[in-house]
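Asker: TrEMBL lists these features:
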DOMAIN    B:5-95  domain 'Chorismate mutase'
DOMAIN    B:118-294  domain 'Prephenate dehydratase'
SITE      B:Thr287  site 'Essential for prephenate dehydratase activity'
DOMAIN    B:306-381  domain 'ACT'
Protein chains: 2
Amino acid sequence: MSNNEERQLDLKDIRSEIDVIDKELVDLFEKRMKLCRDVAEFKFKTGKAVLDRERENEKLATLTSLAKDDFSKHGIEELFTQIMSMSRKYQYRLLASKGLNDTLEFNFVDRLWKDDVKVAYQGIPGAYSHEALRSYFGEYVEEYNVPTWRKAMEDIRDGRADYAVLPIENSQAGAVGDVYDLLMEFENYIVKYVDIKINHALLGVKGANLDEVKTVYSHPQAIMQSREFLEKYDWQEVAQSNTAVAAKKVSELNDKSKVAIASIKNADIYGLEVLAEHINTSDVNTTRFIILSRSKICKKDANKILISFEVAHESGSLYGALSHIIYNDVNMTKIESRPIPNKKWQYRFFVEIEGKVDSPGVVNALRGLNAETINMRILGNY
Amino acid sequence: MSNNEERQLDLKDIRSEIDVIDKELVDLFEKRMKLCRDVAEFKFKTGKAVLDRERENEKLATLTSLAKDDFSKHGIEELFTQIMSMSRKYQYRLLASKGLNDTLEFNFVDRLWKDDVKVAYQGIPGAYSHEALRSYFGEYVEEYNVPTWRKAMEDIRDGRADYAVLPIENSQAGAVGDVYDLLMEFENYIVKYVDIKINHALLGVKGANLDEVKTVYSHPQAIMQSREFLEKYDWQEVAQSNTAVAAKKVSELNDKSKVAIASIKNADIYGLEVLAEHINTSDVNTTRFIILSRSKICKKDANKILISFEVAHESGSLYGALSHIIYNDVNMTKIESRPIPNKKWQYRFFVEIEGKVDSPGVVNALRGLNAETINMRILGNY
């Protein structure tokens, strides 16, 4: 028998021993979960909180003292932190099944109401926000523009608008941090999202041609996204607050040496000519816009939920929070962190999960997160 | 005996039963870990990879088939995913103790070399980046400015500069996404960070006074940060690429109706007068700057490590990755996600942990992450 075969046999033997141990572990685990059901019943009858940090800490101290060495001690701590966390999640689930999940009062609707509504967007006609608005609400909705995202949030809060359209993320540039901050500041809800493909064109006044251009106006991000195209020229770049603002400016300046980078729709809106199409580098550049409402409504076919929470400033708290999502078989599609205003280097997390706020797994996950994180909020089911 | 006392006794009884089970679980767990040591020995001798996904999947299938019901099935899956992950981490630790951690070739230094060095910063004199540079390298270092962050990264890569100073995060506005993207694109290393308190002043030309002001120039973020102050006036706001650029512009325009928001140091640099001090809202507004080098060096008193990695596009992968950090008792201080260029809605994670790249817990965590995530990189130990 070769040395290698001997080792193969060794590995097989060790693994059969592990298999025996694992079966015993399964037995014990199932017995333990049954007892947890009894504890849950007790807690339900007495209104006692599921999380009893003191009892858990005592328990960890006792069990780790049984360990034969330091490494083992650490492993036991990890194992039982996990087992107790599973027990808590089991208890949240039992409590949820008794109807104690009354916090998620969303109003489920077949479709969003689009008739006789007013919709706000930030920027001016031709902005990508405007395109997002049109793509969802169509051409005939009552729309109006506001100078800032904040104003849009205020307008829906105060009833001046029924919906607002705001960018939340770009597939290249990432999250729009300020919009996340506004989601926290206001109690408006995301009811829908719209993805708009970003496709920049180079626009100039009638008669302009590439050889005469000296200055290009656009939003800094659009300039960056068109870098490969711009490198062929030696133009001065002037930052504008918005691509549509750049197009409008070029139209007003009426100077053949000045061009704008903006979506091709701006050519019609501001009477400009298209000097070059599709000048952005990436083909998959897409911006996601959210549609917000002050009503806590949720379309019946919604399948994404955005939640936010803070965690204690200690090792493992974020991990512990995420375990509620994973354990309930809920898919996590995104995680963002934002600084908490006026708290230096402390963060709030934004997590997007898949599902509906009334599906059992989601209810359990949210219940657990609500009990064990700080300031948990549901920002919309869309 | 009152009903309540009866219930108290019930809870006590259930808990003693749980205690008995838990002791048995500890025994079995320790036995299992001993067997894992043997498996690690085998894998070390044969060069077999620690992670054997096929074996793990088979094992999970067998064990979950023992479950008495669906909930239990789920619990068992969770429990053994955890136990097997712990076993892997144990094996990585054993392998590391055998000297197989040769990937982290950092050069440990007592201090960063500051004599005869050239340091690049983005912007113009008076920019907060410049202030960060001065605060670490002092007044007499050979410094020069570049127009973009990218140019700064290129200059250290190509040896034109020894260090570059770039902003990475603001305590109010959050991460500077573009700098994170540049960290991925270049192979430069973070060697130090410097926190600079953001303190905006309102600057005008000699003889200017608040009543005559019509236009304010600054970076959009500085304008936003001074919103409360600005609300008292009705000034036109003009965005500039940088606060120092705004100060320079106001100085050049030499017009009493035009002012800039910038740090007070710009008054001296551009011969301006201070019309108002500390006009930003928050008292804790701080920007963190990183100092980058092309050498893989690490100060002996460094205590933060920035790593980046991608995870498979499936539920629980991020959670699994973070478990390496948590299990090795490593403190996680930050997590950021950035879109992966040209892959729509896929993310790369940036995680900041505490420690040194040569401490055992960190080595284990990094080894595990390297084996089980995609494109893991260490961006600096600072």
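Glycine too: its Cβ is placed from the backbone N, Cα and C atoms.
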Asker: If you average per-residue pLDDT over the domain 'Prephenate dehydratase' (B:118-294), what number do you get?
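Answerer: The predicted confidence over the domain 'Prephenate dehydratase' (B:118-294), as a mean pLDDT, is 93.
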Asker: For B:Thr287 (site 'Essential for prephenate dehydratase activity'), what is the secondary structure by DSSP, using just helix, strand and coil?
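Answerer: In three-state terms, B:Thr287 (site 'Essential for prephenate dehydratase activity') counts as strand.
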Asker: Tell me which residues of the chain lie with their Cβ under 8 angstroms from that of B:Thr287 (site 'Essential for prephenate dehydratase activity'), as long as they are six or more apart in sequence?
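Answerer: Residues satisfying the criterion: B:Tyr128, B:Ala132, B:Pro167, B:Glu169, B:Asn170, B:Ser171, B:Asp195, B:Ile196, B:Ile198.
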